[in-house]
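As recorded in TrEMBL, the features of this protein are as follows:
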- Gly98, Ser99, Gln115, Gln116, Phe117, Arg118: GTP binding site (BINDING)
- 9-31: compositional bias 'Basic and acidic residues' (COMPBIAS)
- 24-179: domain 'C-CAP/cofactor C-like' (DOMAIN)
- Gly2: N-myristoyl glycine (LIPID)
- Cys3: S-palmitoyl cysteine (LIPID)
- 1-31: region 'Disordered' (REGION)
Amino acid sequence: MGCFFSNRRKAEKESQPEGGEERPKQYSWDQREKVDPKDYMFSGLKDETVGRLPGQVAGQQFLIQDCENCNIYIFDHSATITIDDCTNCVIFLGPVKGSVFFRNCRDCKCTLACQQFRVRDCRKLEVFLCCATQPIIESSTNIKFGCFQWYYPELAFQFKDAGLSIFNNTWSNIHDFTPVSGELNWSLLPENAVVQDHVPLPTTEELKAVRVSTEANRSIVPVSRGQRQKSSDESCLVVLFAGDYTIANARKLIDEMVGKGFFLVQTKEVSMKAEDAQRVFGEKAPDFLPLLNKDVCIRKQGDSICRCRQLLQLC
């Protein structure tokens, strides 16, 4: 009587190549598309306009180094980006899931969004920034900051792909690791600074296909005043709880309040717990507890707005 398994072993044996060597096993990671590091790098360029279109980076790491007098545009989300030894460059970076690190750069103008932002051994940078954590400078001088102000159709989805909230932006809360007594290594750009005067739109036909706008009312990230001096001591906090159209409602509220002369100070998207509600709403907190599971809050100071899971502050 034969055995089923013996027949299968015989077939497997016959399928083996001569010499008795087994075929190498194939694993899922062997099937992945190979990544060429050169596709995720700009190095040694001079007097060029270069970039990557939406979908061309797709969450990979990117490196920019040794570039001079270049305009560089990354219209996609990425994992991390390092910029080394660049001089007199214009740089736009789409949402970065991790860190953006400038080292030994000078006379550069940038617009970017990231989770972490750090500058070391740099001088004379202008940065229109959206950063989820406190921006850090180290051994650097004459670093100027403004609020991120940029739009193109794919940008909102890229923020989601990078895990960034458009409401979490601490662009003006700078920490200097190496302060100098009596001097300030960083400052804020004028509130009326025109982004396009600092970071102009691309001029090549390929990159012009990305439909960019730098108008404040179209910016994906709400344009806030941050830590600039306020014109009034009065302020108000607006809290939006999560719902089907929370982001759209928050943006509509901001536009309406700014149109009425208020100034957006800051925005924040947070998960609010019962104890947080008690601090914010006081004796009214029990009325809002059923809404906490739905997510969102906004803060308003005539000058600022935030989000609970969104908060807005206006003044």
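Any Cβ shown, glycine's included, is placed from N, Cα and C.
In TrEMBL, annotation is done automatically, which means it is predicted and not curated.
Taken over all pairs of the listed GTP-binding residues (Gly98, Ser99, Gln115, Gln116, Phe117, Arg118), the Cα spread reaches a maximum of 11 Å, rounded to the nearest whole number. Summarised as a single figure, the pLDDT of the domain 'C-CAP/cofactor C-like' (24-179) averages 94. Excluding the listed site residues Gly98, Ser99, Gln115, Gln116, Phe117, Arg118, the same chain places Thr80, Val96, Val100, Phe101, Cys114, Cys131, Thr133 with Cβ atoms within 8 Å of the centre of the GTP site Cβ atoms.
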